[in-house]
């Protein structure tokens, strides 16, 4: 009885209900890999949980977020389920849309890419656990390894049958397997370089999501090249992507590549400074700091002024700079957009000023103070979803890009804004944030933005764009506030109050119902 209760938790039950609902609505050739992936993720999660207390566990060298469960099952199945739900939705317009078959084939390839990324990370965890497995978890590891092997066999057979074998199947398999290798490298980097920043499941979700996103950017870039435009090319991206989506991708691509450019430029500057030291023998620390900051700002300008417009011109054919395109979009027949911007600025300024003063002067718990921003997100995003959905996509991308720039300035202490931003952000942090990164605002923004981005284009479920706002802005806020104020019974050592559990279940049910809007019930 104890073992069955340890196996079946509330989180796992909700995940399996969600995955089962998606799998039952999908074709068997796509639902079977999802079932194998869920089985492997469950086995890995059980093995990780059972080995967490062992001092010799090989995964203890990865410092995860304190107090958080591993969440591997949830992290491994979320993106594949969302991709598969989108495939089910697109299948309903295939007979009537001339571009539907190409878009469906490309999204199917993305589904396999994200699934391969998740399976590769699970294999990475299994390999580490097998290094010092005891008798208690050896059976679980064998079950997980069997699921991973069966998944890979299913994956290879699918492409051999669909493409009749040959060089094309091998090329596609190699391209998708590269996603898995990249996901393993990325999650290892996240867990090692950013300790206490995420749980295993959160790291898996972020790494697989980033790999698939950059894989999409790479595919769209290669599809515009001459050598990939031939009929035998294995990458055929649909030409239905909007200009707004391309501009967002361009800016995010540039900002994600900014650290590489900045670090490389900084190394060159340090080398030149070392040569100069042989003559001068000393450089003041203040001069060094300001020179490093100048390198950062120059790198940022190079990315925004040259790299981003070059990519958008290649992929979308934009003849003007993306900044100019955004300004033209905002000021052309846009009274409603300008009013919306004024409303956003007013709400953000009032809420930040109010909540910052509260954080400095009162004893309000940080967790409650942070949830107030969830309610602010409802006030900000709800009118835009109703009246200006396309403009909201662009605003989400601009806000995410701004958050990335500010976080880089804060982490690298770029003069003169680094210290000020760090002090401001520290007013809203608690034990959930790591010693290096502050990711709460990213989680809130992406939680609201991803359902909206995923439902862009064809969407026959009107509640789908509201999924993030309903779940994070209302469900998660009520769960935390009611659980904190009225909860008295704890259901686990690391869990929260009984009231929190009730409202958390309501929040997850709301999330399931809203995401089910992607499906044909």
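Cβ coordinates come from backbone N, Cα and C, glycine included.
Computed from a predicted structure; not experimentally measured.
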Per TrEMBL, the range holding transmembrane segment, considering 54-71, 72-89: 72-89
Per TrEMBL, the range holding transmembrane segment, considering 2-20, 173-191: 173-191
Segment proximity, the transmembrane segment (394-415) to the transmembrane segment (141-161), 3 or more C-beta pairs under 8 Å: no
Stretch among 72-89, 109-129, 173-191, 203-222, 242-262 sharing the most Cβ pairs under 8 Å with the transmembrane segment (294-312): 242-262
